[in-house]
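Colleague: Would you mind keeping the following structure in view while I ask a few things?
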Amino acid sequence: MPLTLAVYGKGGIGKSTTSCNISAALAKRGKKVLQIGCDPKHDSTFTLTGFLIPTIIDTLQEKDFHYEDIWPEDVIYDGYGGVKCVEAGGPPAGAGCGGYVVGETVKLLKELNAFDEFDVILFDVLGDVVCGGFAAPLNYADYCIIVTDNGFDALFAANRIAASVREKARTHPLRLAGLIGNRTSKRDLINKYVDHVPMPVLEVLPLIEDIRVSRVKGQTLFEMADKDPMLSYVCDYYLNIADQILAKPEGVIPKESADRELFTLLSDFYLNADKPKVNAEEELDLMMV
């Protein structure tokens, strides 16, 4: 059975870029990897392929939903380093359920026996939406990975995703592998959160402009490093993540914080972060002046 990962995180946090570079890192470690984009924008695999590949839902519509008329090469495309790529797609804007499309994608790939040939399957899932449909990849995953930054909103979203992992772990052998901090110059708020809600931190990537450029170019950092070896140090971050995942860590079943409690914890940290610490004796001296 392939090792299956589900990557979640706040919308716009760099989740797809992170997913593509992790997939490339896993391929560099000799693994056969399938990345499945689960977002109606169907741009999850752009960094691997360099173009927006046709979606499964588009292909199904072309075939009048006759699954028997679809072959693996109709929906699976080649990406950098031999990573295979699939985009689920979605319904027209404002109509239908994107989560339903994720289910149809898994159904089709199973009928094609597409999962059997891979060592690792990575689901890159839409934003921080954790409704039943978009939480569906957690039903198939061995591990969930949450991409965040050092900000309030991303960690608040991470906490909600952690709650989904805990709920799914009741009935599935699912664990949270940990957090990845993406393009952040600090990690103090991440540390504050994981002290409050214990979970591993797999890696924290610094504020490196080439990570953003990777997305815009439609190239992984590994492909960019093939042309500019000075970027090899950035690839090492993703290789470190890949090595941890391939080691099959124990992971955790997280116990998320209550929303109001987390809101208070994180907002207090922001509001008081720059205030100097004053001990009781100093405070008394100030009062007597």
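Start at 1 and count along the chain as shown; that gives each residue its number.
Just so you know, glycine gets a Cβ as well, placed from its N, Cα and C.
According to Swiss-Prot:
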- GLY12, ILE13, GLY14, LYS15, SER16, THR17, LYS41, ASN182, ARG183: ATP binding site (BINDING)
- SER16: Mg(2+) binding site (BINDING)
- CYS97, CYS131: [4Fe-4S] cluster binding site (BINDING)
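For each listed feature, how buried is it and what is near it?
Modeller: Mapped onto three states, the DSSP output places LYS41 (ATP binding site) in coil.
When Cβ atoms from all protein chains are considered, those within 10 Å of SER16 (ATP binding site) total 25, not counting its own.
In the three-state DSSP assignment, the secondary structure recorded for CYS97 ([4Fe-4S] cluster binding site) is coil.
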Colleague: Taking every protein chain shown into account, which of the binding-site residues GLY12, GLY14 has the largest tally of Cβ atoms within 10 Å of its Cβ?
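Modeller: Output for this query is GLY14.
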Colleague: Over the residue list GLY12, ILE13, GLY14, LYS15, SER16, THR17, LYS41, ASN182, ARG183, recorded for ATP, what is the maximum interresidue Cα distance in Å?
Modeller: 22
Colleague: Please identify, from the binding-site residues LYS41, ARG183, the residue with the sparsest Cβ neighbourhood, meaning fewest other Cβ atoms within 10 angstroms.
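Modeller: Comparing Cβ neighbour counts within 10 Å for the binding-site residues LYS41, ARG183 gives LYS41.
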